[in-house]
Every structure is written in C-alpha cells, then in structure tokens.
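Working notes for the structure below.
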Amino acid sequence: MSELKSLKDLYMCHQGLISDKWSLYISAYSRLFNSLRDKPLALLEIGVQNGGSLDIWSQFFSKATHIIGCDINPACSQLKYVSSNINVIIGDINQPSTLSSIASLSSEFDIIIDDGSHVSSDIIKSFSNLFSRLRYDGIYVAEDLHCSYWADYEGGLEHPSSGIHFFKALCDIINHEHWGLPISRLERLSAFCITAGLTEELLSEIYSVEFINSICIVQRRKASETQLGVRIVKGDRDLVVPVQHLDGSVSNAPRQRSHATSPSPENNSEFNSENVVTVESKHDKKDGDSADETAIIAALEAEKLRLNEQLQFIEAQLANISDARLKSGLA
C-alpha cells in the first residue's frame, strides 16, 4: 500500500485548476486535519476562485462524502471536476437561498473554511450563519484575517467591529462562567450587530479559539465539554498551602461591579473625526480626577485580594482543625 501524500506534497505537485494559499496555511492545515483525512467527512469552503483547492481537498480527504465550494462569482459555474464528491454552489453564502442549496447536499460539516470576501461584516455573518451547521468536534477556519486591519475591508487595528475583533471577543465567550456579571454571551457580542444565527446555546458550544498569523480556528463541542469542570486535588500532604478540602469544588466567579462594553464605530472617537476634538477636551478636564479614582480603585482591589486570600487561608485552617477533631473523636 502506497504512503499517503502529505498536504504540502499535494500542493507542491498540483496541476490543473489553480489553488492560491499562503504557505503558513498549508502547515497549519496539516496539523489540524491530518487526523481527519481517513474519515467520511463533509467540507465546505467559502470562496472558490479558480477551484484548485477543492481538487486538493478531495485528494487529501479521499473518503470525504462532500467537498462543497461556494462562490458569488457566476464564472465559477464553469469549473469541472473528475471527483463526484465535489460540488460548486453559486451564490452569496449569507443569503437563505444559497444556504438552502448547500443544505440540499449536506446539512452539516466537519470542516468549514471561510476564504470568501474577507470583508469584516461578511466574515461575521458567515460565522453566525454557519456555526450551527458545524458538527460537534468540527473545525471552523476564517482565513486571510490580515484584511481585518485594512479600511477597504471594514477593518483597522482598533476597529471595534472588524473580523479580528469579533474572533477576539469569542475568547471572552468561552470564559463566560468567569465574568461575574449578569450579562449573556449574546450581549457581549451586541456591538457586532448579529441579527440571526447565533444563540446563547450555540455560543456555549465554542470549545476553543486559536489564532495563527491571518487565521482564526474555532472548534465546536457539546456545552458539557466546554466548561472548566471540577477542581481535582490529589495527594495526602499539603505542607505549604492547605487545599485538600477543595477537591471536587467548582469555580465561583466573584461578582464584578461593572464591565467595559465594546463601543460601536459611530461612538468611537477614533472612527468619528467630528468628535475627536470634543472627546479630547473632555478627557483633558477629567484626567486629574480619573487618575485619582484609578489609584483609589487599584488600592481597594489590592486590599480586597489580600483579605480574600487571608479568608481562604483561615477557612482552610478551620477545615483542617475540624477534620482532625473528627478523626480524634473530639467533635
């Protein structure tokens, strides 16, 4: 039996329909997808262009049931493939009719790759519309996120509703249980104007968010697998810090006083030139007061942390004394 070619080898010796990928992507995909290549999976790629990547995916995932490409350019309908598991859908991925056409071929996917317009609003809409169609243990990849730093693609380094900022916000979503604030995951994403697709339940199924240069990788698992879980404390001697009593406990986030919300572009001084002078003048007047308040808050937070640590130590000592009394029959 001949050895399977690596993804890099498939790319480097590929002929026929052209594929266009950055070299870093190929090495990243090798790591992400090697364990899946013998499975009867379904893959969706947004953005077909010349069509070569669909050919390569079909070779790499030789047992795939569906390799589907979607492109808004009608010229992509001319692309022809030998493999019967490759299909090309023409249409806007964020239109219901296009999503229905895709669903008629496969309702769920193991891998979804967004190599579409790279416009921030499209990236966010596509994720919102398609994450529910990603199977558990599936992988969602958004490519070419360097475009999120460019104005022509609705981006910028500090643009609050760029594609890269959206995926950064998902890092908060996976840590929702630690916020200590009475707000939902969807509320955290309100600045991105998501109108459909994502739900609280779906957001609770985001297992991981990984960044590589120009790529974000999001994995989905059942909500029960995305939680921090219980604390596991094993051993029988805690000579430095008494922690045995914490075995099996869960994390309880301390209630937080307030939170900073993501500003919308029209309210952000960086993106509203008419307000720059006004905002700066207000900040100048309040700089002194803000500095004093910040120092006071920092001191109080530090004292609160110190007292909490003392309280935990005292509680641990009391627990140890109680255990010792029970063991000696004095209780």
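Note: Cβ is positioned from N, Cα and C throughout, glycine not excepted.
Among the ranges 129-156, 185-212, 297-324, the stretch that TrEMBL annotates as coiled coil is 297-324. Per-residue pLDDT, averaged along the coiled coil (297-324), amounts to 70 for this model.
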